[in-house]
Ligand SMILES: [Fe+2]
C-alpha cells in the first residue's frame, strides 16, 4: 500500500504545482504626483523696490499703487490660500511651474501672478537710472535681432499683439538663444505647458490693469513708453546668470 501511496502523493503534488498559476508581477505605476525635494521656501510679498510715483510720467502713481497693493497682493494672498493644506506649502515657485499641469487653475493663475509681478517690478527703474544693455547682452541681441531697435520693434509687436490679458517676454531658451514670446493670463515661459519655454530676462504686463487709467485703450503707447523705465541693469544680471 505504502509503495503505491508515496508515488501517488508525489504525482498529486507535481500536478498541483503545475496547475497553480505563477503569482503576477505587481505592476508599479509611474508616480503621477510630483514630489518636492527642494529646500523649504517661505513665500513672501516683497516690498516694491521704489515709490509709487517713481516711474512717472510713464507709469502713473495711481496705477502703480493699485497694481501693486491690490492686484499683486491679491495674487499673493490667493496663492497662499490655494496651496494651504495641499502639502506643497513650502515648495518653490520653480517647482510649481515645472509641474504646473498637475496643479489647479487657482494655483496656476496665482503662482503666475505672484511671480510675474515680482519680476516685473524688478525689471523697471526710474527713467534715466536703469542703465543700458551690457556689451554681452547687446552682442546677443544684435546677433539674434540685428539691432536693439529691431528687438524692441519685435517685442512691442508681441506685447501689442497678445489678445486679451497676458505678458510679453524676452527669454533665454535651453540652447542659450534669445527669444521673444508672449503668454496668456498669468502664465509664464517657465511653465512646462508653454510651447516656448525659457528663463525670463524681460517681462511686460499687458493686462489692462497695468495701463488703463493712464493710457485707456492705447496699449501701444504704454508699450512704447515702457522702454523709458526698463531696468537694463537687472536684465543684464539675469542674462549673465544664464551664462554661468
Ligand atoms: Fe498686472
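Every residue gets a Cβ built from N, Cα and C, even glycine.
Keep in mind that TrEMBL annotations are predicted by a computer and have not been checked by a curator.
Feature annotations, courtesy of TrEMBL:
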BINDING   67, 117, 205, 209  Mn(2+) binding site
DOMAIN    43-125  domain 'Manganese/iron superoxide dismutase N-terminal'
DOMAIN    133-237  domain 'Manganese/iron superoxide dismutase C-terminal'
SIGNAL    1-17  signal peptide
Residue distribution over DSSP helix, strand and coil in the domain 'Manganese/iron superoxide dismutase C-terminal' (133-237):
49 helix, 22 strand, 34 coil
If I take every residue in the domain 'Manganese/iron superoxide dismutase C-terminal' (133-237) and average their pLDDT values, what number comes out?
98
Would you mind listing, in sequence order, the residues at least six apart from residue 117 (Mn(2+) binding site) in the same chain with a Cβ closer than 8 Å to its Cβ?
67, 68, 71, 72, 75, 205
Env. residues of Mn(2+) site, Cβ within 8 Å of mean position of 67, 117, 205, 209 Cβ:
68, 71, 72, 120, 207, 210
For the domain 'Manganese/iron superoxide dismutase N-terminal' (43-125), how many residues does DSSP put in helix, in strand and in coil?
50 helix, 1 strand, 32 coil
Mind giving me a neighbour count for residue 209 (Mn(2+) binding site)? Other Cβ atoms within 10 Å of its Cβ, every protein chain shown.
14
